[in-house]
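Input: a single structure, listed below in structure tokens.
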Amino acid sequence: MAQYPPLAERELKNTIALFDVDGTLTPARGDVTPEMLDLLARLRQKCAIGFVGGSNFVKQQEQLGLGGVDVTTLFDFCFSENGLTAYKLGAPLPSTSFINYIGEDQYKEIVRFVLHYIADLDLPIKRGTFVEYRNGMVNISPIGRNASNAERGEYEKYDLAHGIRTTFISKLKEKFGHLGLTYSIGGQISFDVFPTGWDKTYCLRHLEDEAKKPDGIAYTTAHFFGDKTAPGGNDFELYEDPRTVGHSVLNPDDTARQVKKLFGL
């Protein structure tokens with residue numbers, strides 16, 4: 001196990017590098033490479049690092065914890081579900097949930113509407129798990145999250161050509177505009193629904209809370225690397241936030257290239 005300087009003793013003490021997961025550190029729904037983990041380990045010698053993913057912690061453990069390594073040992077900060085579930089140096093930080101915010105009845109109404117809508121969609125194929133409840137959001141997939149990687153790739157092309165997800169989102173906004181929800185397209189086959197303000201910028205609340213602690217560090221420079229940084233993408237809000245320095249990447253190779261250049265690695 002690599003040893004890292006305490007956060008307060010890093011060369012760039014007031015800097016943190018935050019990374020999206022899918023398409024940034026790993027291929028979409030794929031696993032991280034040993035080369036990427038090595039680069040992150042070298043970066044961690046210089047400054048604090050963290051990931052910010054929309055998926056739940058179990059999925060990020062699968063993708064980033066190569067060989068079963070506990071992912072909380074690989075990053076100083078782990079922000080799953082945009083930070084609704086979070087860890088600092090392996091210790092859990094306070095969390096909350098979508099159900100607590102919206103209430104069971106409203107949630108059931110959304111699920112009913114979504115399943116009826118998907119049932120009536122004429123798509124080339126449908127698989128399974130169309131609605132996935134996560135701690136801080138609901139992930140909705142017209143094709144179903146059980147689609148294979150090849151099917152995901154084909155569906156993404158179909159979706160871009162026919163605007164399936166964007167149309168679906170406009171219908172949800174029409175029906176549930178009173179609930180204060182945000183809709184964000186991420187990945188190849190799905191989109192996220194969460195309370196406004198619970199996008200990836202939610203993770204910054206944890207960093208601000210940490211700075212207020214007696215031994216806390218104020219991260220005056222927060223770099224964020226993401227691939228879905230255009231409006232409507234699930235990295236957009238954190239990429240554009242005035243509290244971060246945003247870096248738009250094409251894929252994990254591009255992430256590595258930009259990190260090496262920026263930090264002299």
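Glycine is treated like the rest: Cβ placed from N, Cα and C.
Annotated in TrEMBL:
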- Asp20: active site, nucleophile (ACT_SITE)
- Asp20, Asp22, Asp227, Tyr239, Asp241, Thr244: Mg(2+) binding site (BINDING)
- Asp22: active site, proton donor/acceptor (ACT_SITE)
- Arg29, Arg134, Arg145, Arg152, Ser190, Asp192: alpha-D-mannose 1-phosphate binding site (BINDING)
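Of all the binding-site residues listed here (Ser190, Thr244), it is Thr244 whose C-beta has the fewest other C-beta atoms within 10 angstroms. Annotation for Asp227 (Mg(2+) binding site): same-chain Cβ neighbours under 8 Å, separated by at least 6 residues, are Asp20, Asp22, Gly23, Thr24, Gly233, Asp235, Ser248, Val249, Leu250, Asn251.
Candidate binding-site residues: Tyr239, Asp241, Thr244. Nearest to Arg29 (alpha-D-mannose 1-phosphate binding site) by Cα distance: Tyr239. Counting every protein chain shown, the number of other Cβ atoms lying within 10 Å of the Cβ of Arg152 (alpha-D-mannose 1-phosphate binding site) is 19.
Counted over every protein chain shown, other Cβ atoms within 10 Å are most numerous around Asp20 among the recorded positions Asp20, Asp241. Around the Cβ of Arg29 (alpha-D-mannose 1-phosphate binding site), 19 further Cβ atoms fall within 10 Å across all displayed protein chains. Fewest Cβ neighbours within 10 Å among the binding-site residues Arg134, Arg145: this applies to Arg145. On its own chain, Tyr239 (Mg(2+) binding site) has Phe224, Gly226, Thr229, Gly246, His247, Ser248 as residues at least 6 apart in sequence with a Cβ closer than 8 Å to its own Cβ.
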